[in-house]
Amino acid sequence: MKHIISPTDLTVTELSELLDLAEEIIREPKKYSDVCRGKKLATLFFEPSTRTRLSFEAAMLNLGGNILGFSSADSSSAAKGESIADTIRVISSYADICAIRHPKEGAPFVASVHSTIPVINAGDGGHNHPTQTFTDLLTIKNLKGRLDNLCVGFCGDLKFGRTVHSLINALARYDNIKFILISPDELRVPTYIRKEVLEANQIEYQEVRNLEESMPELDLLYMTRVQKERFFNEEDYVRLKDTYILDTKKMSYAKQDMLVLHPLPRVNEISTEVDDDPRAVYFKQAEYGVYVRMALIMKLLELEE
Amino acid sequence: MLNIGVLNQGIVIDHIKAGGAMKIYTYLNLENLDCSVAIIKNAKSNFMGKKDIIKIEGTLDGINLDMLGALDHKITINIIENGVIIEKKNPDLPKTVTNILKCKNPRCITSVEQGIPHTFKLTDRENGVYRCVYCEQAFERR
């Protein structure tokens, strides 16, 4: 039995198999519409996240399975003080697989230690969110046709954005990847990502402040939101939140086949005028999130045959 | 320099980062020993500027001194017999340590969930970096 706690819990080979299955589901969704009949997915959301929860639930329903769960700690036994370990021991007897989101970092790992069913981390605080990374990788693979030989720009909050850290970690395992890290000084990628991931693996990267100048070089641009909840000081948030706004003028500097990704929700960092540009694939990316979760559920339940 | 006296039989833990002696004292449960224990804080050091030293007159049976590497990877352990150093070693860095280091990240699950072991993994041997297995935050030695 396998759990998915971190994006690197899957080897490059396993990841390739997962993405192949997701692409097969995209091609022939009907073929998979009943493979999870009689199976139940528990969505244990100790903090609200409508998008991720609905994506997991849609994935299980698309596979013909059933869902149960809760969407906030208030409506769970956690409000009575129950530990994660006890909660998962009980849920293990109700469901076949579970997706867990928790505000505390490492909570899904604790659950996996005590669980008798596969546990998927659906986001633990500012730490990991592996299915978002798998979604990003499926989007890139399906629309670019490859995960290697790419110049990838990350723009915005590169300090607190866990999706950025996870995707850098995941892409660092492929050949000939170059990163251009575009952020204000205050929101640079943390030192440990530079030292332990980029420099340790001798991966080419640049840190720059200017988005326009980087645009012509990029194969992918991963935009991120500056998250208010990560700041202790409102003044800093207000000062930094609109540092980068992607608009049609900036898009005019980009390659014709560059893709713009964003984990959503978007606020001001991508002007709505960009939405009509065929290179803006962030809504398509959300759709891919369902397919990759379908593939992951099948893999973890060992239903692929 | 303060003179504590020469040990005839025992252990000297030297080159402890200044201010770190009490953590090692606590980990080794030295308060339970019946023998003499000296803690020297902020001793002058040519290499470190300041350092702490612990001198123990006696043996520490059953304690894995290599675990001390997780607390302070630069320490030296001197084993003394008949007034001379018979063994001098720098503890190796254990790959994992449990309930020796404590995660200080307030967002970590260990800050709220009772009864789970505080486990750290060695992620950078050269710099002696340990990360919490739950939240992956590096342990910061002060």
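Every residue gets a Cβ built from N, Cα and C, even glycine.
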Fill in: Per TrEMBL, A:ARG51, A:THR52, A:HIS129, A:GLN132, A:LEU264, A:PRO265 bind carbamoyl phosphate; matching candidate in A:ARG27, A:ARG101, A:ARG239
A:ARG101
Worksheet entry | DSSP-derived class (H/G/I helix, E/B strand, else coil) of A:ARG51 (carbamoyl phosphate binding site) | helix
Response to the item:
The average per-residue pLDDT within the domain 'Aspartate/ornithine carbamoyltransferase carbamoyl-P binding' (A:2-141) comes out at 94
Discussion item. Using the alpha carbons only, what distance in Å do you get between A:GLN132 (carbamoyl phosphate binding site) and A:ARG225 (L-aspartate binding site) once rounded?
Written reply: 15
Worksheet, complete the sentence: Ordered by sequence, the long-range same-chain Cβ contacts of A:HIS129 (carbamoyl phosphate binding site) under 8 Å (at least 6 apart) are A:THR52, A:ASN121, A:ALA122, A:GLY123, A:ARG162, A:THR163, A:SER166
